[in-house]
Amino acid sequence: MGNGVSSQHISKKIYLEVAGKNLSVSFSGGCSSQELKELIATGAGFNRWSDFTLEDHTGSLVPVSLSIAPNTPRTPYRVQRISSATNGSTSDREIVNEVLSRVSEEISRAFKSQDFLHDFSSRLESLEKRMEALKYAETIPSRGDLENYHQEMSEFQTHHVGVPSIVLKYGGKDTDSLAPVTYPKINLSDQALESLKRPSANIWDWEPSEMLCLIEHMFHELDLLRAINTDEQTLQQWLLAVQHKYRNNPFHNFRHCFCVTQMMYGMIHLLKLQDVFDSLDLVILLTSCICHDIDHPGLNNSYQINAHTELAIRYNDISPLENHHAAVTFQLLERSEYNIFSNVSKEDFKRLRSGIIELILATDMSKHSEIMTSFKGIQPTLDYNNNNHKKIIKQMLIKSCDISNEVRPTKVAEPWVDCLLEEYFRQSDIEKSTGLPVTPFMDRDKVTKPSAQIGFIKFVLIPMFETMVMVFPQLEDPVLKPLKESLEHYEHLKLLEDAKLEQ
Ligand SMILES: Nc1nc2c(ncn2[C@@H]2O[C@@H]3COP(=O)(O)O[C@H]3[C@H]2O)c(=O)[nH]1
Ligand SMILES: [Mg+2]
Ligand SMILES: [Zn+2]
């Protein structure tokens, strides 16, 4: 049996087992995760809005998302309804949905008015989204998701099915939607804590709750809670709220935030930054990394500017994304339950706020040459008592961490390139289909993995880290050396790619 979404090309099929019966569901890359969920629910014979879980043949839970791994008829996902039948009580969400669906049917019978129905269904949709926000859905890609990315990306490229509608909408995540209230406390092994300090850490090893615990650990280990006079609970609430605000983009997601923060933590230890910066500066460094891409919509500044988006209009085309990340950061901190700075003095808050804004704005790559020139300019007279010098060093530090994936071992770094290209290709597809100028380095017809990386490593990363090494020679071995190896790796891939093309 097959259920399909009629208006799009069919690009993916998954096999299911419901109460001993087998079925399959086909769907396209153009549908949303919610539509997929409803498709599975109705295919399984449940109410469209029923909650259910999917388990693979090993008994592991499988998240319902467009990146769901394809399976075979012999390894179907077991669908289990979560309802009165399994937990003894119908969920609130289900009751609301049932009632709304019945009311909707009644109204449609009574009024038969298209306008009214349209309005009603958008209200229903927004209510559903709010209900959805009450649940803690893990949407951050994990190592297991990487294979799915590859699969999804190649299907996306093969079929050119258009852009998932969700990418076209801006609006940000609903600021009022609630972040989950807690995350499990995880015992972190000494080995994990040790690798947390190293640029070579395999960041794919950690699941979302572990990443939260690890960031929390960084604050404890550097004794930063004391510096801002806040408690563990506020820190946890804030971290959850920040995580909740990161969107499920292929690249600009919470795991990217974690990577940048982890690299900064590594730098703090490697360069013994505690000796030259005070605790507030360390708070500024870590907090800026944590929030630097918050609520990123997956479409870059040139898109924002060319498409005259709400963000570009709001910020007059001046670093629209980075301004937005900084603004969202401080919007969150306005809420007392998330305000990790509520107990600092006015003066310290002023310093924290301007420091964080400066650093987040410095991550706009259009400021790269300007910041590099300033950094080279201060080197001959470098003075850690000079606030301007300290600002420029902090800017260089966050910039280096933000683009440091290629410093990591190949097996950790390379999947990020796939994620980045997926996000880029989605953008250039939108640009093509909407008649906007196509950003050349994002064009799927022009860019390949080696071509994207060779230029970036040669002309951006190596010159930047070589300049950093002049001030921090400790970076030579753990950072510059792997970058050079990475360049060799992509040059080798490029040769293979060229040979294949010639054939
Ligand atoms: N080609 C390439 N671009 C990168 C890489 N890492 C980061 N970038 C780009 O540099 C940008 C830095 O800021 P963002 O994280 O917002 O978005 C990032 C990407 O667009 C990389 O490894 N390769
Ligand atoms: Mg950014
Ligand atoms: Zn970033």
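Placement of Cβ uses the backbone N, Cα and C atoms for every residue, glycine included.
Marked as active site, proton donor by TrEMBL: H252. Taking the Cβ of H252 (active site, proton donor) as centre and 10 Å as the limit, one finds 25 other Cβ atoms among all the protein chains shown.
According to TrEMBL, the feature AMP binding site maps to H252, N253, F254, R255, H256, D293, D402, Q453.
Counting every protein chain shown, the Cβ of D293 (AMP binding site) has 24 other Cβ atoms within 10 Å. Taken residue by residue with DSSP, D293 (AMP binding site) is part of neither helix nor strand, so it is coil. Taken from TrEMBL, the feature Zn(2+) 1 binding site applies to H256, H292, D293, D402.
The feature Zn(2+) 2 binding site is assigned by TrEMBL to D293.
Residues annotated as domain 'PDEase' in TrEMBL: 176-497.
For H256 (AMP binding site), the count of additional Cβ atoms within 10 Å of its Cβ stands at 24 [all protein chains shown].
With all protein chains in the displayed structure included, the most crowded Cβ environment within 10 Å among the binding-site residues N253, Q453 is that of Q453. Cα proximity to H292 (Zn(2+) 1 binding site) (within 10 Å) is found for the following binding-site residues from N253, R255, D402, Q453: D402. When the recorded positions H252, F254, R255, H256, D293, Q453 are checked against ligand 2, D293 have a Cβ within less than 6 Å of one of its atoms. Around the Cβ of R255 (AMP binding site), the number of neighbouring Cβ atoms within 10 Å comes to 22. Within the group of binding-site residues (F254, D402), the Cβ with the highest number of other Cβ atoms inside 10 Å belongs to F254.
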